[in-house]
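Undergrad: Just dropping this structure here.
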Amino acid sequence: LSCCYANCFLSRTYSAIPTELHSIVETLIKTTNSSLFQRRTVKELLWGYTDPILRGDVGFFLDYNNTYDGPFDVFTGKDDIANVGKIDKWKESNFWNDEYCDMLNGTDASSFPPFVNKKDPLFFFSSDICRSVSASYERTMNLKGIDVYRFSLHALTLASPEVNPDNKCFCSNMKTTKNCTLAGVLDISACQQGRPIYISLPHFLHGSPSLRTDVLGLNPHEEHHKTFLDVEPTSGFTLNFAKRIQVNMMYGPSKVITVLKKVKDYTLFPLVWLNETATLDDETAEMFKKELISRIQMLEIIQQVLLGVGIGVFLLCLLGFFIVRRSHNKKELA
């Protein structure tokens, strides 16, 4: 298998090399016989290949082996169960230089505080995009005999600041974002060592129409491309989820670089989209039902029985009261 994708070096040109030095880039492209697109195997694309211009290895997952996202400081819930699993600190977490955008809200999405209310949104922090997001209740589902609440990523998460003013601090470049009117894309170069990486939902779902017209072959579908969490409300555990993100890079016009002379405006090119999913296995589902669901059901049965017994005792006492009172009244009349 092989695939074509946009040249990583040219993308970096726009973020790291001033326009005045584009002639050097043009020389490098010509001497290495490079083009805007390259044909690479899937293995090379994912795990790395030697780029002729960069003279180094390039790959989507090249730097992910033996890595971790920490350190995290997380609340245990000892003092307040409503804070269990919530993130307090992560690295320096000041990538956006804004108090609001740098806030760490919620958990890591693997679990939430117990007794989830479907009326309230769930907040979680994603280190992949270095920001907190929220998910809203969609519907109640049955997962292997367990009732779960499905929460989906809110459509306003990547909306333009015109629609969602809270996203103003995520807009860092007026030119490439069309004066902060572009929706559906997040520039995460600030937390990716300056690499020109733009994150979106697959096929630019919930994005500006121009994103899809600039690139052929895109067809966003809500059910196939959205991010969702299936949460068991009593425990707060996420039992099934799908995290779907698309990695894009941006190109723009250049009067010097030949392969970019026909590019009229800044354009986002999708490189790859990822579907990270996990679900509860059958063995764990049975254990979960046995250890939690069945005991909750048992408590509900005991509660109903005790309530019935209490009502019965009350009715008997009430009946006894009326009998005694009636007997007392008869004695007084006699």
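For all residues, glycine too, the Cβ spot is worked out from N, Cα and C.
Note that TrEMBL annotation is computational and uncurated.
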Undergrad: Looking at TrEMBL, which of CYS101, CYS130, CYS169, CYS171 bridges to CYS191 via a disulfide?
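TA: That record, TrEMBL, gives the partner as CYS130.
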Undergrad: Can you tell which of CYS101, CYS180 is bonded to CYS171 by a disulfide, based on TrEMBL?
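TA: TrEMBL lists the disulfide between CYS171 and CYS180.
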Undergrad: Could you give the Cα-Cα distance between CYS169 (disulfide bond) and CYS180 (disulfide bond), in whole Å?
TA: 10
Undergrad: Going along the chain, which residues six or more apart from CYS101 (disulfide bond) have their CB under 8 A from its CB?
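TA: Those within reach of CYS101 (disulfide bond), by Cβ under 8 Å and sequence separation of 6 or more, are ARG131, CYS169, PHE170.
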